[in-house]
């Protein structure tokens, strides 16, 4: 099957761009074996210096590491020691492979297919705005490696699967990000409840404590002022990891439990949420000065992540066994230093919450501005009013880095949120400016500190209230909720969609064993999502019926 036949609206002329990149005969897959070796015509000839390579690895690592470190021990308590280690390695390998699949799909697409999406989006916005945006689309056509070249996961899905693919990936990213914000509230409520040692108050009541401040922060027109708090959150996370290792070293004992196989789907959801960071893979790769080194950078970052998760997860699990809490810090008592780490981490998360909420706000406000409530969430629907353009997590991350916020996936419970971006490399997408300025059409003259449009204010209040309601309903166990987020959203984004895109783009031109492998990953993602969601929902329902809460 020719590449042109697999893409909605892509002609044979457009597909010829692919052949220029590869010497394979027409209609055949790329000549390089997977994992691919990415190259760029403008790539610097010399290899990266050690410093440059470490910077790329650090940027990639920020896309994956976050609060996941704090619940890995609990995930191991649902799998057991051996199954947990094997499962961690499997999930890490599949994550690495599917990230490379996504980049392979991006590089296999005709440049005209992705540019056409930008042009169509700009034309639609131009029609709605009265003719002020068309030039942006034209510029992106002329400069594929400049601002117009900062493509996203949703762009690639839309180019391969059409508008439905774009809408599905965008919605999945938004819902997953919403879930991570809910996880933040659960984490804060459980940690504060533990700090004050209030046995008489329900944990859910502590969800309400930060709501007034979070509602106010959600109305900020500019989030630059939150940069120091994002840095604080990252430092607190590092301190938390060190505190966990030191505490376990002082209280180490060999007491692993032996969970049943029935709880293994919970491990799948939690570990998938812990390692999911695919929303940032495309912009990180695109921004690298030497994209051919992407595979090595990705593997290095995932290797570091795997070691950190394995060390904290195994040590915490074998020390606390079946008493392992969903947040490992809750197992640590009687230390003023641990209490300080908890407080700093809660404060950091409190001010990181609005950063992670940005993609959800953008999606809602774009939907509010659209002519039809059923219009798909197009990541590039507007260029003149960027805040009205829903951006997936990757664009959020790029803008935060561009504004010097040092953002990261940071304190995600996944994925995706993911707020990290590479330093240097190709220019980042112009539409990413939505992150520094969230006021939409109000951004004229000298805008105030907060948005004032009544619809936007109400919409943002409702989003914050929605995360609080979900946190109170499903937040009896932070670990179970993270499993739900991982099974429902992260598994789809990390496994199912990349394999589907790879099969759709290359089709029968792939060798039979590669097709079988892609179908196997697709089945694994779908099966894990269904099974993990079912078991997690059943566990949550059981807790609400009066069963013991796995704190």
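Cβ coordinates come from backbone N, Cα and C, glycine included.
All TrEMBL annotations are machine predictions without curation.
If you look up TrEMBL, you'll see 34-48 (among others) marked as compositional bias 'Low complexity'.
The annotation compositional bias 'Low complexity' is assigned in TrEMBL to 377-390 (among others).
Residues or ranges marked as compositional bias 'Gly residues' in TrEMBL: 405-416.
Taken from TrEMBL, the feature domain 'Amino acid transporter transmembrane' covers 57-536.
If you look up TrEMBL, you'll see 1-48 (among others) marked as region 'Disordered'.
What TrEMBL records for 372-423 (among others) is region 'Disordered'.
If you look up TrEMBL, you'll see 203-220 (among others) marked as transmembrane segment.
Remote same-chain partners of the transmembrane segment (232-249), defined as residues 6 or more beyond its termini with a Cβ less than 8 Å from a stretch Cβ, comprise 65-67, 69-70, 308, 311-312, 315-316, 319, 328-329, 332, 335, 337-338, 341, 344-345, 347-349, 351-352, 406, 408, 410-411. For 232-249 (among others), the entry in TrEMBL reads transmembrane segment.
Here TrEMBL flags 261-284 (among others) as transmembrane segment.
The feature transmembrane segment is assigned by TrEMBL to 296-320 (among others). Sequence-distant contacts of the transmembrane segment (296-320) (same chain, six or more residues past either end, CB-CB distance under 8 Å): 53, 56-57, 60-61, 63-65, 68-69, 72-73, 75-77, 81, 84-85, 88-89, 92, 95-96, 99-100, 241, 244-245, 248, 251-257, 274-275, 281, 288, 328, 331.
Per TrEMBL, the feature transmembrane segment maps to 340-361 (among others).
Within its own chain, the transmembrane segment (461-481) has Cβ neighbours under 8 Å at 71, 74-75, 78, 178-179, 181-183, 185-187, 189-190, 203-204, 207-208, 211, 214-215, 218, 266, 270, 326-327, 357, 360-361, 364, 413, 536, 539-540, 543-544, 549-551, counting only residues six or more beyond its boundaries. Positions annotated as transmembrane segment by TrEMBL: 461-481 (among others).
As annotated by TrEMBL, transmembrane segment applies to 487-507 (among others).
Sequence annotations record features per position, and here TrEMBL assigns transmembrane segment to 519-541 (among others).
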Task: Interface present between the transmembrane segment (340-361) and the transmembrane segment (487-507) (three or more C-beta pairs under 8 A) - done: no
Task: Segment proximity, the transmembrane segment (340-361) to the transmembrane segment (203-220), 3 or more C-beta pairs under 8 Å - done: yes
